[in-house]
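**Q** My questions all concern the structure below.
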C-alpha cells in the first residue's frame, strides 16, 4: 500500500471502534455465564473474531445481528470439547485468557496461531495454570504455540506473584480461579489494566482487590449481562498523536474508554505540553469525550508504574516524541520485545528510516525530538503488527514530499478495520 497523505490539518469528530480488551472479555464472560449477554459496540477486528469462533467451537450460541452481539451462555460447565484445534490467529489475548478457562474443563484442547503468535511466550501463562493442576505442553521447553491444555475439574487455589506486568496472565489465573477449590491470591508487582476484575463483578462474580493484591474465591457462578463497549483508547491514541503533531489540527474523539489503568497516554501528552481536554466524562461507563489540537511539545521520561498503563501506545508515543523539543526517554518497557513484533527494534528501524533519531535500548528507547520526517528509501514492513502499520500511516502525515510504501498493511485489520476510512475522513484522500 502506498501512503501519500496531503493533510492541511486533521479536523472533525470521530467515534473510535470498541475497546479490544473489553470486547474479548465480554464474549468470554458471556460464554461462561448463565443466561443471555447482549453486547453493544463490540470491536469487529480479527482478534475478537478469533475469540468468538473459539467459543462457538465449544458449543456456545453467539448471534451477530450487526450492531448487537448476543451470547447465549449456559455456564462454564456446559462448554464442550471442540472437534478440532482452535485457531487463535494473531491474538495473544484470546490465547492466554482462554487458557485460564480451559484449565478447569474436563477435556484436552490444542491452540495454534499465526507465525507471529507462535513466537510469543506462553510459559508465563502455562506456569501458574500448571501449578493449579492443568497439564500444558508446547512444542519446546519454553511453551509456545501450538499448545495443548488438558484441563482438570479439581483445580486448586494458589498464591501467585506475577513475574511480569501482564494483564493477560493475571486474567488467565482469575478465570482458572473461578473454577478452583479455595481462595486464589494474585499479586502484581505493577498494576495492569483492570477490565477482567471489573467485568467479573459486573457478571455477578466476587473478588477482593487491595492495591496490587487480588483474592478470587472458587466455585463461582456468573449471570449474563448487558455490556456497552466504550471506544478503545489504544486506537484513539493514533488520532490524539496525529492531531498534536500535524499543523492546524483539531479533533474531538467521542466515547473513549478512560479506565484509570489505561490512561497513561493522556498523562504523557499533558506532561509534554499537549493541548488535550476532557470535555465529558461518564464515571460509571468510564468513557469520555476528548478534544485535542496541534501543540508545541517538549520531551519527557516514561518509566516505572506508568509503563503497563500505556504499553500498547508506546509505538505511537515514540512518533510523538520525534516531534517534541528535547529528549524523551522510555525505560522499563522490555515487554515491548515480546509483543506481535520486537516493538523496540521495529519502531526504531521504521522511524529512523524516515529521519528520526531513536536509540533502542534493552528496555526502551532514547528519542531525540524536533526531527523532520521524510519518505524512507525502502518500504516499511509492518511484519504483521497492526500498531506498527498505524504508526507508519500517521507518520506519513508528516512527510511533505514523497510517499511511504507500507507492506502487510492488512495487519491493521487485527484491531481497527476502519482505520483508513477514518484517516480519509479526517484528512484528504489517500
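Every residue, even glycine, has its Cβ placed from backbone N, Cα and C.
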**Q** Let me know which member of 64, 123, 305, 312 Swiss-Prot also records as binding 3-phosphoshikimate at the site of 20, 21, 25, 166, 168, 339.
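**A** Looking through 64, 123, 305, 312, the residue Swiss-Prot assigns to the 3-phosphoshikimate site is 312.
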**Q** Can you grab the distance from residue 339 (3-phosphoshikimate binding site) over to residue 168 (phosphoenolpyruvate binding site)? Cα atoms, rounded to a whole Å.
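**A** Counting only the Cα atoms, the answer is 12 Å.
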**Q** Taking the Cα atoms as reference points, how far is residue 166 (3-phosphoshikimate binding site) from residue 92 (phosphoenolpyruvate binding site) in Å?
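**A** That separation, Cα to Cα, works out to 11 Å.
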**Q** Give the sequence-ordered list of residues that share a chain with residue 387 (phosphoenolpyruvate binding site), lie 6 or more positions from it, and have CB atoms under 8 Å from its CB.
**A** 234, 312, 315, 316, 339, 340, 343, 415
**Q** When a 10 Å sphere is centred on the Cβ of residue 92 (phosphoenolpyruvate binding site), how many other Cβ atoms does it contain?
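**A** Other Cβ atoms found within 10 Å: 22.
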**Q** For residue 21 (3-phosphoshikimate binding site) and residue 168 (phosphoenolpyruvate binding site), determine the Cα separation and express it in whole Å.
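**A** Residue 21 (3-phosphoshikimate binding site) and residue 168 (phosphoenolpyruvate binding site) have their Cα atoms 10 Å apart.
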**Q** Give me the CA-CA distance between residue 25 (3-phosphoshikimate binding site) and residue 120 (phosphoenolpyruvate binding site), in Å, as a whole number.
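**A** With the alpha carbons as reference points, the distance is 21 Å.
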